[in-house]
Amino acid sequence: MVCFRLFPVPGSGLVLVCLVLGAVQSYALELNLTDSGKATCLYAKWQMNFTVRYETTNKTYKTVTISDRGTVTYNGSICGDDQNGPKIAVQFGPGFSWIANFSKAASTYSIDSISFSYNTGDNTTFPDAEDKGIITVDELLAIKIPLNDLFRCNSLSTLEKNDVVQNYWDVLVQAFVQNGTVSTNEFLCDEDKTSTVAPTIHTTVPSPTTTPTPKEKPEAGTYSVNNGNDTCLLATMGLQLNITQDKVASVININPNATHSTGSCRSHTALLRLNSSTIKYLDFVFAVKNENRFYLKEVNVSMYLVNGSVFSIANNNLSYWDAPLGSSYMCNKEQTVSVSGAFQINTFDLRVQPFNVTQGKYSTAQECSLDDDTILIPIIVGAGLSGLIIVIVIAYVIGRRKSYAGYQTL
């Protein structure tokens, strides 16, 4: 745990923030804001990360996940007064900020809005960005909470707008703390009310790595992306997710009957996004290389597990499923896409074509090396010839021994 003690925000007292960086790439923030009398007026604890898709100078698209941004400041965070409601203001990195606004009614308070700003002029985060500058995404929420209650939402909540996906989980907030003491009465979000999983325990004890129970082969599903009235991307595959979190390994088979597909197609990039009740998004991003081949360049995933925790991983430096443009890629046997040390995808009965789909049908397939059994023919022929040679040598040796047996030494 890394703690930052910040200077007092004018009119808001002392702010103590602890930033905990866990296995999942994200912010884990805890804010205890005090008034001029050093009494707690606002308490918040939450985790968040952001995924941004942007256009590059060569007209392709990249996706980045913004999580750990180093030193964080909280200039502008206020407890609120008769004219202004409470506000949490977070600044991190060059030109990145996040703001949450609150208001109060007679017996309730509300989370009114969230604003996230990011700087595409930061070349480290957004290399080769076509447009440079600060971009802001505003979301109106209007979540109402009883005035004296602590709002809790362990479940994953996602806001998606203008190529930005905001993920929030393990949220605790009370914007109007009474008498300087955070309430023990909790108001649960709708997702937690309907969830059957246990709330997340914030103090964890390390446990030995477990071995996942082997899963049967997943059912293959067919997914497509349309550009207007035409199909521009086709994919057929059985998907098995291998996840390791907090030294606990699990295997999840994706049910295609409960999975939806969306995406987009452009001249040099194509996106297939899968989602279900537990998977907020599983992105497969394809790209063109050398103007004549395509490949799987990127995989992004955000999902919550059966224990209530959230798992998020992104990797935009992959190189799988390589095939010529105008063809499809096929691999019927089990194949593994290694996204990170904590996340791998096993595919079965795979066939994909992210570009140049004609009349909604696959083009001629390039098969993976695992499916190529033509090498068995020379192996069988070679083994047969080797066996024949061995038989001839043995027969020759036996014949020589018998010919010597008829002669006696004088």
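Glycine residues also receive a Cβ, built from the backbone N, Cα and C atoms like all the rest.
Unlike curated entries, TrEMBL annotations are predicted automatically.
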According to TrEMBL, the disulfide involving CYS153 connects it to which residue among CYS79, CYS189? CYS189
Students should find that the Cα atoms of CYS153 (disulfide bond) and CYS331 (disulfide bond) sit apart, in Å rounded to an integer, by 41
Counting across all protein chains present, how many other Cβ atoms fall within 10 Å of the Cβ of CYS153 (disulfide bond)? 21
